[in-house]
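A.B. asks: Below is the structure I would like to discuss, written out as structure tokens.
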Amino acid sequence: MLTKKQTRLAIAIMGKMFPDAKPSLVAQTPFQYLIAVLLSAQATDISVNKVTPKLFSDFPDPQTMAAASEAALRQDIHSIGLYRNKAKHMKAASQALVENFGGVVPKRRQDLVTLPGVGRKTAAVVLADAFNIPAFAVDTHVTRVTKRLQIVAADASVLQIEQRMTHLLPKKLWVAAHHRLIYFGRYHCLARAPKCLQCPLLSICADGQQRLAVH
């Protein structure tokens, strides 16, 4: 397993590789960002950004989305995977915001996860990107990269990855580290064809060294 020093070095190197690593979902308000994150499950951010301009023009806030029919919501997001379930969650989450939080997206994780369709990861992304509140979200890229680098155990759960990373990194780095890991996983440490030979982290990556030795 990588040490705290090695982990911080890896994150710093990723920062040099991807200095512009940042959120790619487009939204104008915390509510819209929450909805965009809900839509992004098992979908690309690019595909989400294609449907949200029309969606947010029709339903810009919790009040209008809560009052909308599921059919109307489905119409705006039908090109997104799992759009039927997502329409249900969007409407239900909007209703919960109106009824329980005065139509305002809460800034506490324990409140966010009470919203339909919002789990630990979605809550962390909203806190970090909509409110700039330190939180560390774990997605498929973060999972793959942290396991390949052996920052975490191969069988680590999402919660264990979050706990390990927030232990190893200073709070001020949590949000940036999340985005750097995503970019590193999306563009360099790919799922099927990681660019190990050109990787500046190869010297501390046992997985990469093993892959190259096999080939």
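Cβ coordinates come from backbone N, Cα and C, glycine included.
Because TrEMBL annotations are produced automatically, they should be read as predictions rather than curated entries.
Annotation source TrEMBL lists domain 'HhH-GPD' at 39-187. As annotated by TrEMBL, [4Fe-4S] cluster binding site applies to Cys189, Cys196, Cys199, Cys205.
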A.B. asks: To test your reading of the [4Fe-4S] cluster site: which residues beyond Cys189, Cys196, Cys199, Cys205, same chain only, put their Cβ within 8 Å of the Cβ centroid of those residues?
C.D. replies: Arg148, Leu149, His188, Pro194, Lys195, Leu201, Leu202, Asp207, Gly208, Arg211
A.B. asks: Provide the number of Cβ atoms within 10 Å of the Cβ of Cys196 ([4Fe-4S] cluster binding site), excluding the reference atom itself.
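C.D. replies: Around Cys196 ([4Fe-4S] cluster binding site), other Cβ atoms within 10 Å: 19.
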A.B. asks: Which has the fewest other CB atoms in a 10 Å radius around its CB: Cys199, Cys205, the listed binding-site residues?
C.D. replies: Cys199
A.B. asks: What residues, ordered by sequence, lie under 8 A Cβ-to-Cβ from Cys189 ([4Fe-4S] cluster binding site) and sit at least six positions away in the same chain?
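C.D. replies: Once residues fewer than 6 apart are set aside, Cys189 ([4Fe-4S] cluster binding site) is near Arg144, Val145, Arg148, Lys195, Cys199.
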A.B. asks: DSSP says what for the domain 'HhH-GPD' (39-187): how many helix, strand, coil residues?
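C.D. replies: The breakdown for the domain 'HhH-GPD' (39-187) reads 101 helix, 0 strand, 48 coil.
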